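Colleague: Quick one: structure below, then a few questions.
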Amino acid sequence: MARSSAYPLFLISSILFISHIYASQVEAKPPVVKGLSYSFYSKTCPKLESIVRKHLKKVFKDDNGQAPALLRIFFHDCFVQGCDGSLLLDGSPSERDQPANGGIRTEALQTIDDIRAIIHKECGRIVSCADITVLAARDSVFLTGGPDYAVPLGRRDGLSFSTSGTSDLPKPFNTTGVTLDAFAAKNFDVTDVVALSGAHTFGRAHCGTFFNRLSPLDPNMDKTLAKQLQSTCPDANSGNTANLDIRTPTVFDNKYYLDLMNRQGVFTSDQDLLNDKRTKGLVNAFALNQTLFFEKFVDATIKLSQLDVLTGNQGEIRGKCNVVNARKSLLTSVVEEVVQLVDQF
């Protein structure tokens, strides 16, 4: 009887929390960083976004696992050294070779460069790999059931990468306090963190990223899920993977938050969001209101997409996404870009 009476109380408190979010966070969309624009390529490459979306529709038809892979590449690129395409670069070792970037899919990296080749053939070398990465992430969300939204463009590609910077990436083993601190260092607030965590509503994870919850068994994990994961992952070094969202693992929706409410989050960093008083209300609110989740996810993603971007004459436009342009061709590159711009007007 006590349990049944508690649910209406929870529902009322959650509705009040949602109302508070709407009332207290009615604010303008994230400001656009100087040098970026929502219409950056409207004259020089008007078919850009349709090209990206058309290609990804074909890719996802054969391999829908690339959608979460592309979103992860976007996040891991932007969180380290800004959204400059540094994660795409080859190196000995590169950013991709660091432990925090384990499991980055080579197929998704190839997809980004395939799109780059199509776009450069259509418009010339005026669109950066960094911008293509952002657009691919946006369409990965939309084409799997998530919101459609505009993103500011005009990023330039970086000339280097940072292996040490990968240590700043939030880890799946982190408690909420540590996660919030990692994001706060880059000016993200609590709502941003809980919304961006919703990216785990699709995709898969390797055993080593959550085995800490299986041995010893985390009492905060649903017992049925624990048994399933223990069967999938006999040890931390297993090459097997598990769905991050047990309800709709290939759909971008708000079911991730329902997982958390039922103690069915996979990562420590996910499930602990329900245990921390700073984030619990947001988890409940997003579980009840998918529209609210989408709205806050879009705001946080646009904010993320503008971290420490290179614009104007900074960086370069790479001829291939995995390597910087040869230095001897820089002058030629600039001249070619100017000619392309002139030809478009």
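Glycine too: its Cβ is placed from the backbone N, Cα and C atoms.
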Colleague: Among Cys45, Cys207, Cys233, find the residue that TrEMBL gives as the disulfide bond partner of Cys123.
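Modeller: Recorded disulfide partner of Cys123 in TrEMBL: Cys45.
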Colleague: Calculate the distance in Å between the alpha carbons (Cα) of Glu95 (Ca(2+) 1 binding site) and His76 (active site, proton acceptor), and round it to a whole number.
Modeller: 9
Colleague: Considering Cα atoms only, can you say which of His76, Asp77, Ser86, Cys123, Cys207 is the nearest neighbour of Asp245 (Ca(2+) 2 binding site) among these recorded positions?
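Modeller: Sorting the recorded positions by distance from Asp245 (Ca(2+) 2 binding site), the top entry is Cys207.
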Colleague: At the Cα level, what's the spacing in Å between Cys321 (disulfide bond) and Val80 (Ca(2+) 1 binding site), rounded?
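Modeller: Distance (Cα to Cα, whole Å): 17 Å.
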Colleague: Could you round the CA separation between Arg72 (site 'Transition state stabilizer') and Cys207 (disulfide bond) to a whole angstrom and send it over?
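Modeller: Their Cα atoms are separated by 17 Å.
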Colleague: What is the number of other Cβ atoms found within 10 Å of the Cβ of His200 (heme b binding site)?
Modeller: 23
Colleague: Taking the Cα of Thr248 (Ca(2+) 2 binding site) as the centre, which of the recorded positions listed as Cys78, Gly82, Ser86, Cys129, Cys207 lie within 10 Å of it?
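Modeller: Candidates kept after distance check: none.
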Colleague: Which recorded positions are spatial neighbours of Cys78 (disulfide bond) here, meaning Cα within 10 Å, out of Asp84, His200, Cys207, Cys233, Asp253?
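Modeller: So the list reads Asp84.
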